[in-house]
Amino acid sequence: MLSRLRASLMLRPCVSACRWTHTKEKGKPLMLNPRTNKGMAFSLQERQILGLQGLLPPKIESQDIQAMRFQRNLKKMTEPLEKYIYLMGIQERNEKLFYRVLMEDIEELMPIVYTPTVGLACTQYGHIFRRPKGLFISILDRGHIRSILDNWPETNVAAVVVTDGERILGLGDLGVFGMGIPVGKLCLYTACAGIRPERCLPVVIDVGTDNETLLKDPFYMGLYQKRDRSQLYDDLIDEFMEAVVDKYGQDTLIQFEDFGNHNAFRLMRKYREKYCTFNDDIQGTAAVALAGLLAAQRAIGKPITEHRILFCGAGEAALGIANLITMSMVEKGLTQDEARKKIWIVFSCDFNQEAFVHESPGDVQSFLDAVNVIQPTAIIGVSGAGRLFTHDVLKKMGTLNKQPIIFALSNPTTKAECTAEDAYTLTDGRCLFASGSPFDMVTLADGRVFTPGQGNNAYIFPGVALAVILSGVRHISDTVFLEAAKTLADQLTDEELAEGRLYPPLSNIREVSLQMAVKVVRFVYANNMAFRYPEPKDKDTFVRSTVWDINYDSFLPDIYEWKGMNPAPDH
């Protein structure tokens with residue numbers, strides 16, 4: 001049976017394709033370009049006019065049949081990494097088909113192209129490498145970054161996702177193997193928010209790696225040197241930022257991804273008022289976590305201002321979430337000091353968390369001690385250290401609260417602070433649970449079934465990115481992410497909340513992202529953050545009109561007759 005997405009695609013009228021520069025290509029180069037390749041879906045006229053006749057089997061195939069073939073092949077595979085390699089192979093050969101397959105089964109395939117499988121793919125990146133994606137800029141390229149950008153074939157880039165590979169998910173320093181993260185993020189820009197793939201640029205900055213295993217790996221693809229932590233690093237990033245804006249414009253969105261804590265905060269502070277930039281690990285994670293808390297307050301009936309929140313982990317995600325929760329509490333009437341007193345970040349010696357340092361609550365030697373002393377209503381795990389929400393911690397949360405909030409947000413799944421099964425079982429099904437990576441549904445002994453909420457940043461960054469690109473925002477305020485969090489929480493239905501969800505189903509993420517983009521576009525225009533004019537009157541129509549179409553374009557030349565042309569007179 002056709003999925004709803006596929007059925008809707010079939011009902012769309014055939015439209016005349018846009019005329020791309022790529023259509024000047026003929027013959028085999030047309031098939032080797034993933035932007036223009038349609039496989040056996042090239043029509044007979046296209047084959048004859050474009051020099052493809054005989055280069056393809058005689059069958060003319062629909063995209064439906066092509067998608068069905070790939071979906072059947074995927075279902076035969078059992079290993080996530082095998083599925084990742086297969087999907088990336090489709091992307092390298094036929095871009096529209098790739099996004100068709102991804103969008104039709106987004107709930108099943110997002111964990112493959114994104115967390116958790118993308119983490120495994122990054123650890124094996126040099127071993128499964130087939131074709132380069134994105135730009136690789138090394139510290140040896142200082143002084144020449146603009147010329148490297150000129151080598152990128154697309155000239156109308158609107159969004160850049162960049163990493164230096166130092167803190168890939170919870171896996172640590174993977175150097176240039178971290179390229180899988182920008183590639184995966186930008187896949188979701190397109191799949192979730194419909195941003196045109198040719199307008200997206202993945203970048204990895206190579207300054208070396210401190211991962212001794214990679215430095216001894218013959219298949220490692222980056223510089224064989226320790227990370228350069230000198231002034232040269234800052235000079236390189238400065239040059240990169242300046243080159244991107246010089247090449248693509250001041251309103252080019254630059255998303256920082258998986259930088260180490262010590263660089264993530266200071267680079268965000270350094271650039272946020274100069275460029276259109278955000279750090280997804282800090283701000284995107286904060287928005288999705290806050291959205292989960294706002295949804296939880298609906299289930300509990302207790303406003304966010306009355307919660308005590310305890311963090312397990314003290315890195316960039318913890319601080320980002322804590323700051324956005326503070327903003328939400330202030331919006332609800334608390335002072336900043338009152339809000340911060342309700343937020344605890346334990347075992348932190350990072351100077352970035354000074355605002356949340358409190359007087360010692362007592363003898364705290366473990367996270368369980370902290371739970372016993374602080375008696376939180378919510379615990380948020382962003383440690384990346386594995387199962388720190390022990391059975392005793394979960395039981396204590398169940399004792400302290402009628403409906404404890406338990407967020408195990410570390411990625412990938414192996415790094416989560418607890419499993420969904422433990423959270424629901426040890427609290428007798430009373431907890432409100434969310435995780436960073438997906439967990440299966442949980443069935444308790446009494447037959448109750450719970451659907452764990454996945455606090456996935458993909459609910460936030462594609463919609464925010466689309467809104468920022470369309471409205472020409474130059475500087476992205478934290479208030480944008482506060483608005484995004486509220487928008488996401490509002491999209492959760494009462495029925496979904498009753499199932500134990502704190503987020504809408506991932507199968508609806510395209511609509512979630514578009515609604516978020518509409519709300520954020522309204523917000524930035526209302527708050528004088530937009531620089532693209534005239535302001536669209538109908539924001540919903542404006543946003544939806546930009547969504548990239550996964551149907552194949554026609555590459556036939558525009559053939560027509562001159563009507564009313566009189567023949568030359570006879571002499």
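Note: Cβ is positioned from N, Cα and C throughout, glycine not excepted.
Annotation comment: TrEMBL describes 91-272 as domain 'Malic enzyme N-terminal'. Per TrEMBL, the feature active site, proton donor maps to TYR114. Per TrEMBL, (S)-malate binding site is recorded for ARG167, ASN411, ASN456. The active site, proton acceptor annotation in TrEMBL covers LYS185. Among the features that TrEMBL reports, domain 'Malic enzyme NAD-binding' is placed at 282-525.
In sequence order, TYR114, VAL161, PRO202, GLN255, GLU257, ASP280, PHE461 are the residues near the residue listed as 'active site, proton acceptor', counting only same-chain partners six or more apart with C-beta under 8 A. Cβ neighbour count for the residue listed as 'active site, proton donor': 23 (other Cβ atoms within 10 Å of its Cβ, all protein chains included). Every protein chain shown contributes to the tally, and the Cβ of ARG167 ((S)-malate binding site) ends up with 24 other Cβ atoms within 10 Å.
The binding residues for (S)-malate are recorded as ARG167, ASN411, ASN456; their greatest pairwise CA distance is 18 Å. Summarising model confidence by region, the domain 'Malic enzyme N-terminal' (91-272) averages a pLDDT of 95. The Cβ of ASN411 ((S)-malate binding site) lies under 8 Å from the Cβ of THR115, PRO116, GLY119, LEU169, GLY170, GLY384, GLY436, SER437, each on the same chain and at least six residues away in sequence.
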